[in-house]
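**Q** This is the structure I have questions about; it appears just below.
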């Protein structure tokens, strides 16, 4: 289990409170699909993913990105119990969707990039460290069913 200090929790929740989940979610998933094109195979039903502009403008990518980022909100509310929080999602992604758990780590890293671009100087090294710890812990929790 990962332990978050009071300072880390404050850094995470402070930024999260300013996050536009819909905008950042679509941007994060879109960036994942552009930068790591092999992840597109999990989104066959999303329509046109033929180019970066098609991906970033795709309404299904934006909608699912919002859903993904909303799940990060659950992580923030349950930082001390991530394994239980993501148990059902881990099972879904492992047993039904067969998603490579490495993709969770990649998405977490993309999330950190999105935060840095959205928050600039406010995204200090200390804030980045807290968020990196969170996205890593979420990736481990999502990959739990695979072990």
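Including glycine, each Cβ sits where the backbone N, Cα and C put it.
The domain 'Globin' feature in Swiss-Prot is assigned to 3-147; the stated evidence is sequence analysis. Taken from Swiss-Prot, the feature phosphoserine applies to 14, 51. Taken from Swiss-Prot, the feature heme b binding site covers 64, 93.
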**Q** Express the distance between the Cα positions of residue 14 (phosphoserine) and residue 64 (heme b binding site) as a whole number of Å.
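**A** Here the two Cα atoms are 24 Å apart.
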**Q** Using all protein chains in view, find how many other C-beta atoms are within 10 Å of the C-beta of residue 64 (heme b binding site).
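**A** The Cβ of residue 64 (heme b binding site) has 17 Cβ neighbours within 10 Å.
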**Q** Between the Cα atoms of residue 64 (heme b binding site) and residue 51 (phosphoserine), what distance do you get, rounded to the nearest Å?
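**A** Approximately 18 Å lies between the Cα of residue 64 (heme b binding site) and that of residue 51 (phosphoserine).
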**Q** Of 14, 51, which of the modified residues has the most Cβ neighbours inside 10 Å?
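**A** Result for the most crowded candidate: 14.
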